[in-house]
Amino acid sequence: MNSTQDTLYAQASEHISDFQFDNRVAGVFSDMIRRSVPGYTQIINTLGDFAKNLVTPDSRVYDLGCSLGAATLSIRRQIQGRNCRILAVDNSQSMIERCRENLNAYVSDTQVDLICGDIRDIEIENASMVVLNFTLQFLPPEDRDALITKIYRGLNPGGLLVLSEKLCFDDAPIQALLEERHLDFKRANGYSELEISQKRSALENVMKPDTLATHEQRLKAQGFSHFSLWFQCFNFASMVAIK
Ligand SMILES: C[S@@+](CC[C@H](N)C(=O)[O-])C[C@H]1O[C@@H](n2cnc3c(N)ncnc32)[C@H](O)[C@@H]1O
Ligand SMILES: O=C(O)C(=O)C[C@]1(C(=O)O)C=C[C@@H](O)C=C1
């Protein structure tokens, strides 16, 4: 997968515009997300392991906000020969184009439908697994319940939702403690103070993290009776919910 180094925020800019998954971001995204999200590679690998256990023959898998296809690739490797279809959806044309190249670089008997569209508009049916890997945080908060309801309805009994997100914390000292560890993670990965602060400004209006409690309450309120956090590193987490 393309790993051009992310230097998008390295030069001082007078006006920082809102973060967008445009062509510039898509070109460096593989490097950006690995250097920005602690545990990203482990989460991607574990998505494949979950799929190996839980994806049932003749069912569908949805990768919502698929970006360059990392989750789809990890899952596809583990579900060969099950006659499944993966629907990978993203509303960034630049991401979809690069995702197609990444998927075509490997052979598989599992069909992938790559859809350039809004995850709020697609239908979900006959799903044994749905992935929201760092995507829900980019939806307006008022649209999140409806998406989770749609996912719940489209999952087969026993079907799995994996939800990975940046978290925020109501407890101010905990927020400060974990946020600082995340900033150190970025520094250790070579991001300068300027890059960190300019990207923070760009994300401020477009990425709105929830607390873990809000996620749990939302998933339970929309019907999921089985919920657990399975991964957390600082203020980044991944959760599972089973129908
Ligand atoms: C942080 S990235 C997801 C990373 C990816 N899931 C992975 O594991 O590598 C968020 C993605 O969601 C997409 N996205 C955000 N809002 C969307 C929406 N409403 N509909 C479809 N895609 C959306 C963005 O274009 C972006 O590619
Ligand atoms: O919170 C940050 O500083 C991030 O960079 C996080 C994050 C994410 O969680 O998706 C934000 C935008 C990019 O997609 C990569 C990582």
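Cβ atoms here come from the backbone N, Cα and C positions, even for glycine.
Note that the structure is predicted; figures quoted are calculated from it, not measured.
The S-adenosyl-L-methionine binding site annotation in TrEMBL covers Tyr40, Gly65, Cys66, Ser67, Asp90, Asn91, Asp118, Ile119, Asn133, Arg200. The Cβ of Cys66 (S-adenosyl-L-methionine binding site) lies under 8 Å from the Cβ of Thr72, Ala88, Val89, Asp90, Met95, Cys99, Leu114, each of these being in the same chain and 6 or more residues away along the sequence. Taken residue by residue with DSSP, Cys66 (S-adenosyl-L-methionine binding site) is part of neither helix nor strand, so it is coil.
Annotation comment: TrEMBL describes 61-159 as domain 'Methyltransferase'.
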Cβ-Cβ neighbours of Asp90 (S-adenosyl-L-methionine binding site) (radius 10 Å)
25
So among the binding-site residues Tyr40, Asp118, Asn133, who's got the most Cβ atoms within 10 Å?
Asn133
Can you work out the mean pLDDT of the predicted model over the domain 'Methyltransferase' (61-159)?
98
For ligand 2, which among the binding-site residues Tyr40, Cys66, Asp90, Asp118, Asn133 have a CB under 6 Å from it?
none
